[in-house]
Amino acid sequence: MGALEAERAANNATALETQSSPEDLGQPSPLRKIISVASIAAGVQFGWALQLSLLTPYIQLLGIPHKWSSYMWLCGPISGMIVQPIVGYHSDRCESRFGRRRPFIAAGVALVAVSVFLIGFAADMGHSFGDKLENKVRTRAIIIFLTGFWFLDVANNTLQGPCRAFLADLAAGDAKKTRVANACFSFFMAVGNVLGYAAGSYTNLHKMFPFTMTKACDIYCANLKTCFFLSITLLLIVTFSSLWYVKDKQWSPPQGDKEEKTSSLFFFGEIFGAVRHMKRPMVMLLIVTVINWIAWFPFILYDTDWMGREVYGGNSDGDERSKKLYDQGVQAGALGLMFNSILLGFVSLGVESIGRKMGGAKRLWGCVNFILAIGLAMTVLVTKSAEHHREIAGPLAGPSSGIKAGVFSLFTVLGIPLAITYSIPFALASIFSTNSGAGQGLSLGVLNIAICIPQMIVSFSSGPLDAQFGGGNLPSFVVGAIAAAVSGVLALTVLPSPPPDAPAMSGAMGFH
């Protein structure tokens, strides 16, 4: 039976690759259309930046202890492992007259709107349903918040996969255009990050919408609510302008496929069978991606909490002065993330030329992972310096100007490896899948699984690990530094180089 099962899995893999293959789109689309679709990333990332910088502290203010807050982030990888491969699979086969990708992108925007409402009004609805304001734990608000948080992760996964697959369709198999498209996507992610983190660091944003501040919703909550209003407005503008401007050709299955349609439904056993029988370049890419994101997720999920706790010495569960210090640290962390995103945006624009000068995409990715390793290791030095300063100046003194400068420099420099991480792995996945005949949506969905698995590992382990060492964030950051170094070595040694660029086509010059 083992041989038969292996043969069946191989057939499933072949079927998935063949049926997911994008239609022959001809020549690559003009750069202006690629830029238009890539701009959707700004709207998506605005909300994601708010989620990363403000929601971990906010859930603690609603009453979830720090050591349990990491489990909240399990929503993301679980929904990512389920949603994005399904969306990718079906967007490869969608026969809608609106195209393959656009219906899923529009559905994702609708889900974002619902989730933003639930998150922003969680405290108000919880109070209406019976939460007592004097209670430390607001159970109903937490349930509503977590529901919205889950929906937001589902919405982001519904949006991002088809967006990247749409870009790959527009590149039409041209390796250089594919890298440029992903660099544009990374650039607009940086734009969204800058806007999101800037909004999150501004303490009086709620004055734009005075109604956001209520009896159950204090200034921090009102600022959060206002930020999400701005987020959904931007997302609606960029998404619908892009979907109106860039047409998505209606797809029809090749002759003979219609009869097999009912037998080729998506099952997770088949997709994991496809992973087992993927070509070596894609397998190596998935391995390096898993280890790389084990390095990234501790910092991405807990950077603002680290600023509030370890750097500023605040406590979300402490007295009013400790809470105020914690909030100041969170806002400073959002400002640091804004600096990070500014550099990320500039680096994204130069990924193509930097990669050429460094000898290729895989060498560039490998080298910047060592920058990530050094940066994460430096969090130990920053934390110890902040603790030493508080021993001298007092527990509520806050960090010195020198420590603040060091922290902001650290946040900024980490924008370099993050720009590469947001671009090169996705470009390589598109290139490898094109060469093997696999569909863009399915391949990017599988890559998303390689990103979700590390987040699950970090979410499960970081809380208990940090609790074993006193409740801070440093143990997870140190593990991340080690993983970053390992991923750098693997990227340089085992990851295959992508094939040469596709030859130029007569229609590839439509850049005006």
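Any Cβ shown, glycine's included, is placed from N, Cα and C.
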Per the topological domains given in Swiss-Prot, are Lys279 and Gly472 together on one face of the membrane? no
Recorded stretch, among 68-88, 103-123, 334-354, 407-427, maximising Cβ pairs under 8 Å relative to the transmembrane segment (34-54): 334-354
Using a Cβ-Cβ cut-off of under 8 Å, list the residues of the same chain that are 6+ residues beyond the ends of the topological domain 'Cytoplasmic' (355-363) and lie near it. 179, 424, 427-428, 491-492, 495-498
When you look at the transmembrane segment (226-246) alongside the transmembrane segment (103-123), do they share 3+ Cβ pairs under 8 Å, ignoring any pair fewer than 6 residues apart in sequence? yes
For the topological domain 'Extracellular' (201-225), would you mind checking the mean pLDDT of the predicted model? 83
Any chance the transmembrane segment (282-302) and the transmembrane segment (407-427) have 3 or more Cβ pairs under 8 A, given the pairs are 6 or more apart in sequence? yes
Residues of the parent chain within Cβ reach of the transmembrane segment (141-161), under 8 Å, 6 or more residues beyond its termini: 40-41, 44, 47-48, 51, 55, 58-59, 62-64, 72, 75-76, 79-80, 83-84, 87-88, 91, 104-105, 107-109, 111-112, 114-123, 125-127, 131, 216, 441, 444-445, 448
Is it the case that the transmembrane segment (474-494) and the transmembrane segment (334-354) touch, counting contact as three or more CB pairs under 8 Å in which the residues of each pair are 6 or more positions apart? no
Secondary structure of the topological domain 'Extracellular' (303-333) by DSSP, residue by residue, totals 23 helix, 0 strand, 8 coil
